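K.L.:
What follows is a structure written as structure tokens; I'll ask about it next.
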């Protein structure tokens with residue numbers, strides 16, 4: 001039997017029972033996890049800091065969308081810092097456990113801000129007049145504060161050894177809740193595009209691109225891990241491989257960086273123009 005019986009849930013480190021006084025992390029730190037952590041952190045950490053700085057300069061009273069993306073990137077920074085701690089294999093068990101709880105907190109916050117980004121983009125298209133007079137920095141900051149506090153409240157019991165709120169099914173349901181919302185925001189936006197005349201075409205492309213990216217991020221990186229984790233929880237499969245689960249979610253911070261392109265005016269048109277020129281060049285060479 002392993003020295004530690006660690007059951008990795010979405011926080012990956014919550015439920016820990018010590019069966020031996022010897023502390024070793026080798027059984028739980030695979031080569032795959034180490035490589036992906038190094039790739040994500042080496043690329044993601046500097047680019048995320050640059051993106052936050054660039055987005056901060058775009059925040060205005062009538063442009064609050066960057067605020068949600070900034071908070072999303074901050075949650076990504078916290079996750080990547082936890083990756084660094086796990087790769088370093090701390091000798092202190094408390095540091096290892098606390099970093100797992102913090103990662104679970106930031107992961108929940110990340111999903112929450114993905115919903116906020118999608119909701120804000122949806123309102124710009126579906127309710128342009130109403131949203132134009134309702135959006136302001138104060139309301140946005142209150143929403144961000146709520147998104148940060150809710151996961152924190154759910155994480156507090158972990159510090160005192162209570163796991164009721166962290167049962168497998170509860171966690172899975174919590175992380176599945178954004179899925180129908182993200183689909184609704186994208187479908188509602190596409191439906192309202194034809195009747196929206198107050199939003200410029202370039203802005204429409206940026207909004208649709210943002211919603212598609214957020215949904216793809218969730219479906220490709222979060223959803224497989226959640227489904228896999230839920231099935232393992234239902235079947236009580238103690239041999240559940242946490243490494244493959246966490247590797248999916250590890251790449252989410254890199255996907256979130258692409259949101260910066262859709263927040264910057266003119267960037268989408270330049271990107272599309274570049275792709276069109278590359279396609280024309282390829283067709284000419286083949287012809």
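Any Cβ shown, glycine's included, is placed from N, Cα and C.
TrEMBL annotations: computationally assigned, not manually curated.
Below, the features straight out of TrEMBL:
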type	residues	note
TRANSMEM	33-56	transmembrane segment
DOMAIN	47-260	domain 'G-protein coupled receptors family 1 profile'
TRANSMEM	68-88	transmembrane segment
TRANSMEM	94-118	transmembrane segment
TRANSMEM	139-165	transmembrane segment
TRANSMEM	171-190	transmembrane segment
TRANSMEM	211-230	transmembrane segment
TRANSMEM	242-262	transmembrane segment
K.L.:
Mind checking which residues of the chain, 6+ beyond the ends of the transmembrane segment (68-88), have their Cβ under 8 Å from one of its Cβ atoms?
P.N.:
25, 29, 33-34, 37-38, 40-41, 44-45, 48-49, 51-52, 55-56, 59, 95-96, 99-100, 102-103, 105-107, 109-110, 113-114, 116-117, 120, 140, 143-144, 147-148, 250, 252-253, 256-257, 259-260, 263
K.L.:
What stretch of 94-118, 171-190, 211-230, 242-262 shows the most Cβ pairs under 8 Å to the transmembrane segment (33-56)?
P.N.:
242-262
K.L.:
Report, as numbers and ranges, which residues of the same chain sit near the transmembrane segment (171-190): CB under 8 Å and 6 or more residues beyond its ends.
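P.N.:
Distant Cβ neighbours of the transmembrane segment (171-190) are 9-11, 108, 111-112, 114-115, 118-119, 121-122, 125-126, 154, 207-208, 211-212, 214-215, 218-219, 222-223, 226, 229-230, 233.
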K.L.:
Averaged over the domain 'G-protein coupled receptors family 1 profile' (47-260), what pLDDT does the predicted model reach?
P.N.:
82
